[in-house]
Each structure stands twice: as C-alpha cells, then as structure tokens.
Amino acid sequence: MAELKNDRYLRALLKQPVDRTPVWMMRQAGRYLPEYKATRAEAGDFMSLCKNQDLACEVTLQPLRRYDLDAAILFSDILTIPDAMGLGLYFETGEGPRFQRPTDTIDAIKKLSIPDPEDELGYVMRAVSTIRRELKGEVPLIGFSGSPWTLATYMVEGGSSKTFEKIKKMAYEEPATLHMLLDKLADSVILYLNAQVANGAQSLMIFDSWGGALSHHAYREFSLRYMQKIVDGLTRHADGRQVPVTLFTKGGGLWLESMAETGCDALGLDWTVDIGDARRRVGHKVALQGNMDPSVLYASPERIHQEVDQILSSYGEGTGHVFNLGHGIHQHVDPEHAGAFINSVHELSAKYHK
C-alpha cells in the first residue's frame, strides 16, 4: 500500500497536532455533482453503481478531483447488509429504499443468516481495495456501516418511515424479538467493518441515522448498547496505524457523554448541537466531527464563510475537530458553494493550530 501523504484527518480523530482543521463532507460523492450523475446514468441504477467496483471507485474519487478534501469515503449504501441477508432491496422513485421481504416477525428474524463480507458482500470489499489502491496514499479512506438500530428500522418497516410505528411496536410489545434482530445485525456489522479494514479502510464510521427517534431510555437499550458491542469487536490497528472509529447519531445531542463512554475515538455531531458546548462536555475523551447545517450551502459564499468562522471559533484552539456538515450534502447544492465551504475551512482554521 502507498505511504499516506495527508494524515491530517486521522491525526485530528486521535487528537494529535495538525496544521489546520481537516475537512470532508458526508455524501461528498453524490447527486450535487454533474460528474456523479453522468456515472450513475452509465451504471443504470443506484445499486448497480454500488456493485461495480470500478464505477464505485470513480464516484468516490470525483469530489477529490474537484476539492482539496482530507479524506475519501467509500461509495456504498448503509443497506448493503440487509440486502445481503436476502431481503430484496430496491429503490422506488421518490420513495427511497424498499424491501420486498420485511423482517417484521420472529420467524423471519430467526431465518436471517449473517452475511459473509467476502462472499455476499464481496463487491463492497472489492470496491474498498480498488479505491485504496487508486487513492495512491493521497488521503485516508473511510469505511462505514449503518448502526444495528438504523438498519433494523428499514428491515422491520420495509423501507423508509416517518413514524417508525412497526419497529417501536416491536420494541415495546416484543423486545426480545427486536433484541434478537439487533444482535444479529451487530455481529454482521463487526464482520463487515473488520473486512473493510482488512481490504484497506483506514478509519471507520457508524451511521446511526435514526437513533434520535428513540426516547432517552430506549436509545441506550436499542441503539447505544449495540454500537458498544460493535466498538468492542472492531479491528483498531492496521498498516502500523490506529484505525479511528467515529459514532454518529443524528439527533443524538442528549447522549454525547454516553456515546463517548463506548471507547470510540470521535463523535459526529448534527447541526442542532453547539460544537463548543459539545467540546466542554466530552472533548477530554473524544474528537468531534461536524457540524454545519447542510442547508447553509444554499447561501452565498460570504454567508458560508461566516458560518464556518463561527463553528471554528466555537470549537476553539487545538486539535480534535474534523470539520464536516451536520448531515449529508443536499442534492441541489451548487458545487461552487461546496468549494467555498471547503476553502473557508482551509483559510480560517490554521490560526487555531499555532
């Protein structure tokens, strides 16, 4: 493997000194880029794009050709694990992901097998190794998975949901059934993420997109408990380096202290949290990633610059901050505005690292 030329992102996650705040964007390979749209059209559909290692590599690298980013993230989907379990993932136009066979009964859950990451998910591993090779050591590669709770919401609901009625009914009516599903998913995620590291991922991120839908107590029981199991089971060293792990619960601002206790290296923050306050609460234990509202990218470059300045100022001096959005970049954002965001982080952050 090529020697890593820019390790700013990995160093910040491990709270080691950096010359400026590293920056990348969730969904940086995505529909806001015309070159992404062209490659997706070539693939035919979204999952065909994910399953073609060369095209998945191409879209992963596209934002790095445009912008001076400090990390690349594997182009894939959080629903690869349930798809590999045989649920029949498909995408409805305007509806998002759906499953032909929802997992909403104990019998369906008992029948689920844990996918072999090198077999049923081999296409993801081939993409990871291809991307790592083609990066040529320019920046680190982030691997990722959805959290067990978030994956379970899609599996039990049969797709996206605004109310989470079916899975919450299961949580309160048949908690043992839901725990069986979450346990299988946690085991699957551990294998999946460790295989990504074995194939070249240099950092890992767990996306708990729907953890914020849970109550205070239920979050600990149905989401955090299983992310803890995953953190305990992950490969944390490879290629002579630490492999940092970031947990991101959207809507999880209430639970930062509990998340920091898991032994992860960093927490992702959504835009509802003040990053300075988060640093005071948990900055002695973990690095922080975030957390500009993606909608700010609709504003003028001058306004974007101001928002970046405000977040950097709130975090303050020293390492332990990876600048990012508070969630994925929106598809209708002007790519020039994304560039203004990245350039603002470069321009404004150096003074915080003297």
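Cβ from N, Cα, C; glycine included.
Among the features that Swiss-Prot reports, substrate binding site is placed at Arg27, Gln28, Ala29, Gly30, Arg31, Asp77, Tyr154, Ser209, His327. The site 'Transition state stabilizer' feature in Swiss-Prot is assigned to Asp77.
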Inter-residue C-alpha distance, Arg27 (substrate binding site) and Asp77 (site 'Transition state stabilizer') (nearest angstrom): 10
Under 8 Å by Cβ from Ala29 (substrate binding site), counting only residues of that chain that are 6 or more apart: Tyr36, Val59, Thr60, Gln62, Pro63, Ile73, Phe75
Most crowded position, judged by CB atoms within 10 A, among Arg27, Arg31, Asp77, Tyr154, His327 as recorded positions: Tyr154
Site extent for substrate (largest Cα pair distance over Arg27, Gln28, Ala29, Gly30, Arg31, Asp77, Tyr154, Ser209, His327, Å): 23
Rounded Cα-Cα span from Asp77 (site 'Transition state stabilizer') to Tyr154 (substrate binding site), Å: 13
